[in-house]
Ligand code: NAD
């Protein structure tokens, strides 16, 4: 049990419109952090929590608080029907996220999605559905402002130093590789440097995969998975007699929470899918 500091929702200004939030993947590492953050937000109310693990448990103890009166439930569809939220925040797994988003949209609920690993076909289906239903949806492979800036700076650097490799490092329970952030970085770098191909065509890998995954134009992406890591990435540029490294480290999951809060607030006023936090930050 914690010290009770998070046992009460924050004091709220009278007349403030509260955003009703359900969290999917609530038992997971990110889900717990989102539960705590939403619980503490003065303009939000946590109305439901969904996970296939921990069903029936009160969610307060998941972030070290006493019981708060919201219990984990297994079926998203049922929770959305019963609690009628404004927003569903999803930090689940690549195999269920697209279905969760569609379920939310069919209930008139706006999704804010951090789960990575969705296919481009799934993304297109969701774009079409959100557009048709005229509902906002934010999908961001990285909610940390520092990571968004890293990608922006990488795009700038790639115009002058087009030889690039990306090393991303995450905890060893991460399901997808490379990370959504690494793919996004490679896309942005490839677009910024135009028609360019790097690498030595005659090189030989003595161990398959030694040179990492190959993205468009020969951009190599290397994925490191180790306990102790959270989410980190280094983008290394090589030029004549010099290198430039742009590195971002999420040293705790708190790093993602300002971005998640921003997305919950902004999704209420959007129509259709916004992909990437940068499109909310640098419009
Ligand atoms: P985790 O494994 O700790 O949590 C995932 C949770 O989803 C688990 O508790 C699991 O039981 C639950 N789940 C699985 N199927 C479900 C279903 N059908 N309905 C409801 N819940 C279900 O993983 P994590 O470290 O919290 O990461 C979750 C996702 O978020 C991953 O895809 C990860 O890559 C991504 N992530 C994104 C960001 C970002 O900024 N966008 C940051 C960190 C992690």
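Positions of Cβ are set from backbone N, Cα and C atoms, glycine also.
Keep in mind that TrEMBL annotations are predicted by a computer and have not been checked by a curator.
Sequence annotations record features per position, and here TrEMBL assigns domain 'Dihydrodipicolinate reductase N-terminal' to 19-143.
Under the heading NAD(+) binding site, TrEMBL lists 25, 26, 27, 28, 29, 30, 51, 114, 115, 116, 140, 141, 142, 143. Classification of residue 27 (NAD(+) binding site) by DSSP places it in coil, neither helical nor stranded. Around the Cβ of residue 27 (NAD(+) binding site), a 10 Å sphere holds 20 further Cβ atoms from the protein chains shown.
Taken from TrEMBL, the feature NADP(+) binding site applies to 53. Around the Cβ of residue 53 (NADP(+) binding site), the number of neighbouring Cβ atoms within 10 Å comes to 12.
The domain 'Dihydrodipicolinate reductase C-terminal' feature in TrEMBL is assigned to 146-281.
DSSP assigns residue 170 (active site, proton donor/acceptor) to a strand. The active site, proton donor/acceptor annotation in TrEMBL covers 170.
Annotation for residue 180 ((S)-2,3,4,5-tetrahydrodipicolinate binding site): same-chain Cβ neighbours under 8 Å, separated by at least 6 residues, are 116, 117, 141, 142. Per TrEMBL, the feature (S)-2,3,4,5-tetrahydrodipicolinate binding site maps to 171, 180, 181.
Over the domain 'Dihydrodipicolinate reductase C-terminal' (146-281) the predicted model carries a mean pLDDT of 96. Checking the recorded positions 51, 170, 171, 180, 181 against ligand 1, the ones whose Cβ sits under 6 Å from it are 51. Under the three-state DSSP scheme, residue 181 ((S)-2,3,4,5-tetrahydrodipicolinate binding site) falls in the helix class. For residue 140 (NAD(+) binding site), the nearest neighbour among the binding-site residues 53, 171, 181, judged by Cα separation, is 181.
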